[in-house]
Amino acid sequence: MKLFVPALLSLGALGLCLAAPRKNVRWCAISLPEWSKCYQWQRRMRKLGAPSITCIRRTSALECIRAIAGKNADAVTLDSGMVFEAGLDPYKLRPVAAEIYGTEKSPQTHYYAVAVVKKGSNFQLDQLQGQKSCHMGLGRSAGWNIPVGILRPFLSWTESAEPLQGAVARFFSASCVPCVDGKAYPNLCQLCKGVGENKCACSSQEPYFGYSGAFKCLQDGAGDVAFVKETTVFENLPEKADRDQYELLCLNNTRAPVDAFKECHLAQVPSHAVVARSVDGKENLIWELLRKAQEKFGKNKSQSFQLFGSPEGRRDLLFKDSALGFVRIPSKVDSALYLGSRYLTALKNLRETAEELKARCTRVVWCAVGPEEQSKCQQWSEQSGQNVTCATASTTDDCIALVLKGEADALSLDGGYIYTAGKCGLVPVMAENRKSSKYSSLDCVLRPTEGYLAVAVVKKANEGLTWNSLKGKKSCHTAVDRTAGWNIPMGLIANQTGSCAFDEFFSQSCAPGADPKSSLCALCAGDDQGLDKCVPNSKEKYYGYTGAFRCLAEDVGDVAFVKNDTVWENTNGESSADWAKNLNREDFRLLCLDGTTKPVTEAQSCYLAVAPNHAVVSRSDRAAHVEQVLLHQQALFGKNGKNCPDQFCLFKSETKNLLFNDNTECLAKLGGRPTYEKYLGTEYVTAIANLKKCSTSPLLEACAFLTR
């Protein structure tokens, strides 16, 4: 079976070099039958040589999680619900390998939880109250946890007063929820079809139990909606004409055909995963063990021992019997990224109080990059009356990850990062709009975005330096992966040279976010104490537009890649910063692609490319709310806001361009909720995609895994 690309296999082989001298993995078994299978596995692996396996027995998945966190075991396989538990404090375990299901031609590492209804029934997801519901079983992901978690805001549930089942029983007019206590909650068993003691039973003795049972409950007309997984409809209705009689309820309160489950689902549920410690977790060794084990004992590999099989009368020991193999999970993926925001939200909704849930739904959590942005964000939060609160990360990629996990809601990004965020599933919400002579008569909020000019700036005194003579010079960049400072100039250079060896093109550089040991970080300065050199946030003195221009102004670099406004904002007395207050605009020139140079006043005829405006991004399910809150916030704290400058200004910073660009006039609406490709434009997306062939980022690798 060929389920692994060479890159994944080579990553597994890397464990040979990086593993501890004693190549042993302590596997945690949660029962005597599991321990017995583990012992059989141990014996067979011993014959193959390293890595070896030792079997540790505990009484439950939670006990295994504790053993791994306490360094008394190394690995265990968990379902998605327990992966969530394992990722919480104090355990902080992360998934390192995922089980693969499906077929060799169509391998899957997740399924979709969906709400199925009959075509012609006249209600949407937010109109389910009073309808009749069919569930596969109490406590099951697709049949209970996810739909009930998503419906939680509509439930009249006081946590301390009653169990959740009581609120669900009142919400639906009648239900079939196998495994529930029918005496305590008769309404939740009312639609079930089992006879006598088998009514509402937690087994196939109840005809409406399980995925197919819940769908049959809908088919028979007993219920109005069935909560199942996407394959259930296809398995029970192989003919398209029959499937066309059913539809899916979408989170945006619309309906879609049953084959549109990738766009219309309640949540994506990942497969079972092997978890390990986040620090000193032996993940390379664990992957080597799994890779060798599946090669020798995987599907149809061995009669004497089957890794994905259990003795008669037993099921899913150590791994699911239906698994085909494993795929390695990228190191950037923690438990929250693995589970996804929709699934996480559903689980959180089942745990939080009504007050916590309301607060989370109404506020917007903004992600600040670095301490200076955090400080400004805290001021914003205080002035907003906590309508906006703050999360903080050390890099933009880490902020994007927080939004993906639902730990933050939004941030404003440069076009290069919009590309990354878009590849990860986030969407543009509003654009930073500057003053415009072309559309001066239009309301800024409704005005089309015009983009900005990416330029290469040099000192006038550096005579003879042109675009064609940059090789071997010293360069200043806003940050790796940013538009004007990296993507545009380095994309042009890569196209001209046919090489991705950027560290060899320039003699030295400051490109925050690059490898600190490389020449691309040689010119960076860090903070006032010389710490955090080359970090992609405001701790690095030469980070961002202003930082890259300062790098040039202080004669550290020969050329700065910035936007055309940067020179104007930091010369001729426009900036009060000590390093900039005496700078003259006439002392700088622009490099044109034709090999000439021009004054900075002639940027319209001497630029590298037109770059898309910075834009706010969020998850699609939060986009409308983020826009609503931002419109209100800029009415208070925008350029012409009633509380700016007296209390707080969104588009003004003590240093430069914190949270938003300082030259932003307003945040503008984006008509029709465009995709990231449409917002950035085909040419720009193609250019970045080509540049990413030179090098990708851990976050892009993680998102490629999560969205495949």
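Any Cβ shown, glycine's included, is placed from N, Cα and C.
Feature annotations, courtesy of Swiss-Prot:
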- 1-19: signal peptide (SIGNAL)
- 25-352: domain 'Transferrin-like 1' (DOMAIN)
- Cys28-Cys64: disulfide bond (DISULFID)
- Lys92: active site (ACT_SITE)
- Cys176-Cys192: disulfide bond (DISULFID)
- Cys179-Cys202: disulfide bond (DISULFID)
- Cys189-Cys200: disulfide bond (DISULFID)
- Cys250-Cys264: disulfide bond (DISULFID)
- Asp414, Tyr452, Tyr545, His614: Fe(3+) 2 binding site (BINDING)
- Cys444-Cys666: disulfide bond (DISULFID)
- Cys476-Cys551: disulfide bond (DISULFID)
- Thr478, Arg482, Ala484, Gly485: hydrogencarbonate 2 binding site (BINDING)
- Cys500-Cys694: disulfide bond (DISULFID)
- Cys510-Cys524: disulfide bond (DISULFID)
- Cys521-Cys534: disulfide bond (DISULFID)
- Cys592-Cys606: disulfide bond (DISULFID)
- Cys644-Cys649: disulfide bond (DISULFID)
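Swiss-Prot feature annotations superimposed on the structure.
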{"residue": "Lys92", "record": "active site", "contacts (Cβ under 8 Å, 6+ apart)": "Ala69, Arg277, Ser278"}
{"residue": "Cys176", "record": "disulfide bond", "contacts (Cβ under 8 Å, 6+ apart)": "Ser133, Cys134, His135, Leu188, Cys189, Gln190, Leu191, Cys192, Lys193, Cys200, Glu206, Tyr208, Ala214, Cys217, Ala222, Gly223"}
{"residue": "Cys250", "record": "disulfide bond", "contacts (Cβ under 8 Å, 6+ apart)": "Leu125, Ala256, Glu263, Cys264, His265"}
{"residue": "Thr478", "record": "hydrogencarbonate 2 binding site", "contacts (Cβ under 8 Å, 6+ apart)": "Asp414, Ala484, Gly485, Trp486, Pro512, Tyr543, Gly544, Tyr545, Gly547, Ala548, Phe561, Val562"}
{"residue": "Cys500", "record": "disulfide bond", "contacts (Cβ under 8 Å, 6+ apart)": "Ala494, Lys693, Cys694, Ser695"}
{"residue": "Cys510", "record": "disulfide bond", "contacts (Cβ under 8 Å, 6+ apart)": "Ser475, Cys476, His477, Leu520, Cys521, Ala522, Leu523, Cys524, Ala525, Cys534, Glu540, Tyr542, Ala548, Cys551, Val556, Gly557"}
{"residue": "Cys666", "record": "disulfide bond", "contacts (Cβ under 8 Å, 6+ apart)": "Asn433, Cys444, Val445, Gln634, Gly638, Lys639"}
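A Cβ within 8 Å of the Cβ centre of Asp414, Tyr452, Tyr545, His614, the residues given for Fe(3+) 2, is found for these other residues of the same chain: Gly415, Glu432, Thr478, Arg482, Thr483, Ala484, Lys563, Ala611, Asn613, Asn657, Asn661.
Cα separation, Tyr452 (Fe(3+) 2 binding site) to Cys64 (disulfide bond), rounded: 54 Å. Looking at Cys592 (disulfide bond) and Cys649 (disulfide bond), their Cα atoms lie 36 Å from each other. Look at Cys28 (disulfide bond): DSSP puts it in a strand. If you measure from the Cα atom of Cys64 (disulfide bond) to that of His614 (Fe(3+) 2 binding site), you get 46 Å.
In this structure, the C-alpha atom of Cys202 (disulfide bond) lies 61 angstrom from that of Cys644 (disulfide bond). Fewest Cβ neighbours within 10 Å among the recorded positions Ala484, Cys521, Cys694: that distinction goes to Cys694.
The shortest Cα-Cα distance from His614 (Fe(3+) 2 binding site) to any of the recorded positions (Cys28, Arg482, Cys606, Cys649) is found for Arg482. Cys64 (disulfide bond) carries a helical DSSP state (H, G or I).
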